[in-house]
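Student: The structure is given below, and queries will be raised subsequently.
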Amino acid sequence: MSHVPGMIQSIERSSAVLRLLAAGPDRLRVKEIADALGLPKSTAHSILRTLEHVGFVEQDPRTARYRLGRGLLDLGSAGMDANELRGRALNWADALAARSGEEVRLGVLDDNRVLVVHHVFRPDDSAQSLDTGVRLPLHATALGKVLLAYSAPAEESAVAAGLDPYTRRTLIDRRELADALTETRTRGWGLSVEEWRPGVAGIAAPVRTSGGLVVGAVGIAGPVERLTDTRRQARPALVEHVVAAARSISRDVAG
Amino acid sequence: MSYVLAVDQGTTSTRCILFDRRATVVAVERAEHPQSYPRPGWVEHDAARIWRDLQRLIRKVLRGVDPSQVAAIGIANQRETTVLWDRSTGVPVAPAIVWQDTRTDVSTLDAEFLKSRTGLPPATYFSATKIQWLLDRTPGLRERAERGDVLFGTMDSWLIWNLTGGALHVTDVTNASRTMLMNLTDLDWDPELLDLFGVPRAMLPEIRSSSEVYGTAGAVLPGVPIAAAIGDQQAALFGQTCFEPGEAKCTYGTGGFLLMNTGTTPVRSSHGLITTVGYRIGDRPPVFALEGSIAIAGSLVQWMRDGLGLIGTASEIETLARTVEDNGGCYIVPAFSGLFAPYWHSEARGVIVGLTSYITKAHLARAVLEATGWQTRDVVDAMNADSGLALTALNVDGGMTADNLLMQIVADFLQVPVVRPMVAETVSLGAAYAAGLAVGYWSDQRDLRANRHRAGSWKPGLDSGRRAGEYANWRRAVECAVMFSRDGQDGLR
Ligand SMILES: Nc1ncnc2c1ncn2[C@@H]1O[C@H](COP(=O)(O)OP(=O)(O)OP(=O)(O)O)[C@@H](O)[C@H]1O
Ligand SMILES: [Mg+2]
């Protein structure tokens with residue numbers, strides 16, 4: 001197979017594998033794919049395994065033959081199945097609530113909002129009700145800021161839709177918001193202090209699938225005095241718990 | 001920092017979870033193992049593969065943790081599944097026969113006699129007829145078993161035997177109570193039952209409590225005390241800290257299992273529930289439980305995925321089901337292994353009823369989730385009737401509790417709130433608790449109770465007229481499943 005200098009060879013080869021599988025209705029063996037592309041069998045195998053990992057090809061467990069995967073069909077529909085995400089996050093969201101003592105939410109981008117796909121109560125056994133399915137503002141919550149920080153189109157459409165003020169601390173200026181998102185990206189977690197509801201703060205971190213793609217955000221929310229210090233800075237121990245939970249969920253999501 | 005290592009050897013997967021003193025999950029590793037369905041009604045596992053999986057998982061979960069930091073290991077396991085192996089080679093003599101397997105014949109068994117001795121109804125579910133089947137059909141096996149050259153065990157025994165390099169052949173009282181060979185009065189193997197099923201005493205493990213140091217592990221976990229063995233559903237009861245009589249939980253995994261603590265005396269059911277041992281801590285008196293067993297819950301979802309290919313992952317059942325408002329008139333009775341509690345109809349088989357051209361795969365997805373809801377209603381009704389008390393809330397756990405729609409359906413069908421605790425992996429937590437108590441990692445049960453918190457709850461919402469109508473349809477669908485069986489003419493017993 002010819003290779004253009006300056007291009008990444010393994011991406012060229014992977015694309016060729018996908019084209020080959022898409023070309024006909026037949027499922028192919030590793031050997032057949034290797035022969036068709038003039039690759040060593042071991043190289044073809046590594047490419048197929050990687051493509052399988054990201055969901056672009058599937059192997060029939062009975063015949064060991066490969067075909068295109070469901071992940072390709074889902075390319076158009078952004079993100080991962082919200083219920084799947086909840087299933088993967090369950091253990092780690094519970095552990096985060098237990099360690100931080102605060103309520104936990106898992107959110108995804110949905111139509112200019114944060115859609116809460118999972119909610120764990122604050123572990124104090126007080127009366128609380130499930131928030132799953134609720135939509136929160138993107139620019140005013142920690143979850144939302146994390147989701148915006150890793151999606152330029154989402155930031156653009158949020159700004160276009162108008163940055164509604166919820167409290168006097170809500171970021172309603174697009175430049176201020178852009179700065180906050182840059183800061184979020186730089187440190188790897190997001191903070192919102194009384195920007196949505198007076199007295200309430202939130203800390204959140206991104207959930208990533210393979211390749212680093214952000215598919216959601218996980219975070220805690222609670223009274224300002226518990227989540228932040230006297231200078232309204234996030235308490236480092238809580239940040240650590242949130243970031244660790246996000247990392248564990250990411251590991252599960254990336255498989 | 002020290003931890004307790006829990007093993008959850010389940011029907012579909014094996015999991016290793018490291019817990020810290022506050023009972024929070026520190027690390028999880030899991031491996032699915034294949035389900036083999038060689039003939040209709042047969043379900044088998046490869047026990048050797050499961051042991052290999054466990055060794056690999058232990059190594060993985062301990063990454064960065066020294067075995068000396070592991071205070072104890074506790075094992076919870078799928079119950080009733082029957083492994084027979086050669087004592088000298090350690091090799092299973094046949095594929096393990098899984099609890100869901102219906103190959104054996106129980107039609108000639110004396111129900112009253114068995115119930116009074118074991119608390120169990122005659123069903124293919126329990127180990128006794130599975131052992132009998134293997135001994136009857138494998139030439140020379142019974143003789144080898146009589147000499148003690150072939151051993152029987154449920155997964156707990158098999159794993160402990162392997163963990164100790166063949167030094168220990170033990171089981172715990174909860175697992176033994178599911179074999180149909182243990183007498184519920186003295187908690188020992190019953191000679192008359194052994195005689196009835198033709199099971200030699202020499203092949204059986206010693207029955208121990210659920211929480212005590214049986215011995216120490218060898219190679220994979222050098223020096224770590226093996227301090228608990230407990231059936232997975234009982235482990236969940238313990239993990240949910242249902243320590244008082246009247247406290248109950250329902251675990252949704254492959255099947256669904258409602259267990260209620262009934263204190264230190266066994267309560268006999270008159271509504272189709274099982275009397276079983278809940279747990280026994282050291283040499284304290286055993287605690288009993290009433291159990292409503294649902295054979296097929298999550299495995300119906302898996303069948304939609306693997307058998308029919310209608311969904312790509314289990315979670316997609318919720319996504320698909322939410323695309324429609326209701327079941328469109330369609331009901332699924334998943335009697336794949338016959339019907340368990342409260343019907344106990346081993347010959348029943350699954351049915352899908354109410355089909356019209358209107359029905360799409362989304363309606364089927366809805367009917368799949370509703371089947372778990374209605375089966376829960378059936379066992380809760382039986383539990384309420386037996387205990388004379390009405391359940392005021394249902395404590396749930398297990399993998400299916402990730403499904404919000406399902407949890408709402410259960411609340412709607414039962415008309416009580418459904419409550420999820422902060423650790424969904426309560427099976428593992430129960431095994432960890434039982435092991436941790438045995439080695440003093442936790443001081444007492446009150447200590448454990450303090451770790452328990454509500455993580456979520458769902459309030460009932462369905463209109464009562466609609467609920468009654470749907471329930472009547474479900475009952476008719478169940479009658480269809482029974483009618484379809486070979487001896488269906490008898491109707492529901
Ligand atoms: N979101 C979901 N909705 C419905 N069912 C689900 C969902 N996620 C998982 N399941 C089902 O739950 C089951 C997995 O739950 P869990 O991990 O508790 O079971 P398990 O421990 O493997 O069962 P067992 O112990 O009996 O082997 C599977 O049968 C799967 O189909
Ligand atoms: Mg389980």
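Glycine residues also receive a Cβ, built from the backbone N, Cα and C atoms like all the rest.
Remember, TrEMBL labels are computer predictions, not curated facts.
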Student: Just to be sure I read the record right: B:Thr11, B:Arg15, B:Gly298, B:Gly399 are listed as binding ADP in TrEMBL. Which of B:Thr251, B:Thr254, B:Thr356, B:Thr360 is listed for the same site?
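Tutor: Matched candidate out of B:Thr251, B:Thr254, B:Thr356, B:Thr360, per TrEMBL for ADP with B:Thr11, B:Arg15, B:Gly298, B:Gly399: B:Thr254.
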Student: In TrEMBL, the residues B:Arg79, B:Glu80, B:Asp232, B:Gln233 are said to bind glycerol. Which of B:Tyr37, B:Tyr125, B:Tyr252 is said to bind at that same site?
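Tutor: Candidate listed by TrEMBL for the same site: B:Tyr125.
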Student: Which are the residues of the chain, B:Thr11, B:Thr12, B:Ser13, B:Thr254, B:Gly298, B:Gln302, B:Gly399 excluded, whose CB is within 8 A of where the CB atoms of the ATP site average out, their centroid?
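Tutor: Along the chain, the qualifying residues are B:Gly10, B:Gly253, B:Ser299.
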Student: Using a 10 Å radius around each Cβ and counting other Cβ atoms from all shown chains, which of the binding-site residues B:Thr11, B:Gln233 yields the largest count?
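Tutor: Neighbour-count leader: B:Gln233.
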Student: Between B:Tyr125 (sn-glycerol 3-phosphate binding site) and B:Ser13 (ATP binding site), what is the CA-CA distance rounded to a whole number of Å?
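Tutor: Computed Cα spacing between B:Tyr125 (sn-glycerol 3-phosphate binding site) and B:Ser13 (ATP binding site) is 19 Å.
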Student: Using the alpha carbons only, what distance in Å do you get between B:Arg15 (ADP binding site) and B:Asp232 (sn-glycerol 3-phosphate binding site) once rounded?
Tutor: 12
Student: For B:Thr12 (ATP binding site), what is the tally of other C-beta atoms lying within 10 angstroms of its C-beta?
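Tutor: Here the count is 17.
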Student: Select the closest residue to B:Thr254 (ADP binding site) from the following binding-site residues, measuring between CA atoms: B:Thr11, B:Arg79, B:Asp232, B:Gln233.
Tutor: B:Thr11
Student: Sort B:Ser13 (ATP binding site) into helix, strand or coil using the DSSP assignment.
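Tutor: The three-state answer is strand.
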Student: Which are the residues of the chain, B:Arg79, B:Glu80, B:Tyr125, B:Asp232, B:Gln233 excluded, whose CB is within 8 A of where the CB atoms of the glycerol site average out, their centroid?
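Tutor: Same chain, not in B:Arg79, B:Glu80, B:Tyr125, B:Asp232, B:Gln233, Cβ within 8 Å: B:Gln78, B:Thr81, B:Trp99, B:Arg178, B:Gly231, B:Phe257, B:Ser293.
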